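Undergrad: Heads up, here are the entries from TrEMBL:
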TRANSMEM  7-26  transmembrane segment
TRANSMEM  46-66  transmembrane segment
TRANSMEM  73-94  transmembrane segment
TRANSMEM  114-138  transmembrane segment
TRANSMEM  145-165  transmembrane segment
TRANSMEM  190-212  transmembrane segment
TRANSMEM  224-245  transmembrane segment
TRANSMEM  265-289  transmembrane segment
Amino acid sequence: MPKKQLIRLIAILLVLCSLYLTWRWFSSEAWLQDVGLLFQRPRWLIFMTGVYLLSFLLKAAAWRLYAGTGVRIGVYFHAISYSLLVNHVLPIKAGDGVRAGLFMKHGKATWDEALHSVAVMRLIDMLVLAAIGGIGIIRLGLPSSWIWVTVMAGGAIFLATAHFLPVIRRIPFVAKHAAYFNLQILSPKGFVIIALITWSWILEAGVIYAVARMMGLQPGVISLVWANSMTIAGQIFHITPGGIGTYESTMSGSLALLGVDGRDAYRAALVSHTFKFLFAFTLGAYSLVRMPLHWHEMKSWMKRLKPAISATRHGFLRKDDNI
């Protein structure tokens, strides 16, 4: 089965699972009551907002460090904010196109350079999430622990040596970016970039931590960092606005593996996702005011994203290609 169809099939299964959980446990009254806890306990709401906001600031700082330009951090932050907003509005993950486009516009970069830096940040995101997920699975003692260790070790070796592989060197576009990736990541600067991104995901887990504490659930901080990482990694199966369905399924399942009752796990997933939706729209509105973009600009960047990725994957780009 082609990769694209497999991802779509898994996404549909996760959404169907979420629909089943909703049919079994959802109550509008209970949901409104749970969401009301956010406003009845403002200290937790401030905590959630603070750690979530800080997590995006750390991502922006890591991206700026990798890009190596003198562009102010606000450009990177608003680019991430727009990406978050778009991904919560559209049923496809087109936010990276807007993210790259805004960086190109305000960061005085070419589309090629902007797209490369965004792709690398996404790659590091997934590697960090996979590492946290793998460590958590090993800690939980699940049967597939050895698979995660093998995959992570193999992935690390491949990334460290990819630049030297003949098949990579034969594709100028890929070779150029692989060389830059190695130069930046396999250096002291790379350690700082990875550390910033790791801490950003740890901080994001503060959202589910606060929800769990408000609901009286027992999983510890480390366990909730793992649950959050597994949930975010599951968003590669994004086929609905904001990952509705996939988020609830993966978060509920992760919490259930930690010993949380199924109904409570679903409630916690629903409340944390509600908060993230509110945050995405609020932060997006702020970025629209501070660094306005027109819809036609965003639309053109999103359209530009797909052919660029397709061409890169198939090695069709040459040194003189202008994407």
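Keep in mind that glycine also has a Cβ here, set from the backbone N, Cα and C atoms.
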Undergrad: Compare 7-26, 46-66, 73-94, 114-138, 265-289 by their Cβ pairs under 8 Å to the transmembrane segment (190-212) and return the stretch that comes out on top.
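TA: Between the stretches 7-26, 46-66, 73-94, 114-138, 265-289, 46-66 has the largest tally.
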Undergrad: Taking the transmembrane segment (265-289) as the first stretch and the transmembrane segment (46-66) as the second, find out whether 3 or more Cβ pairs fall under 8 Å, excluding pairs closer than 6 in sequence.
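TA: Contact between the transmembrane segment (46-66) and the transmembrane segment (265-289): present, because at least 3 Cβ pairs are under 8 Å.
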Undergrad: Is the transmembrane segment (224-245) close to the transmembrane segment (46-66), in the sense of at least 3 CB pairs under 8 angstroms with a sequence gap of 6 or more?
TA: no
Undergrad: State the non-local partners of the transmembrane segment (7-26) in its own chain: residues 6+ outside its ends, Cβ under 8 Å from one of its Cβ atoms.
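TA: Here the qualifying positions are 1, 234, 236-240, 244-246, 248-250, 252, 262-263, 266-267, 270.
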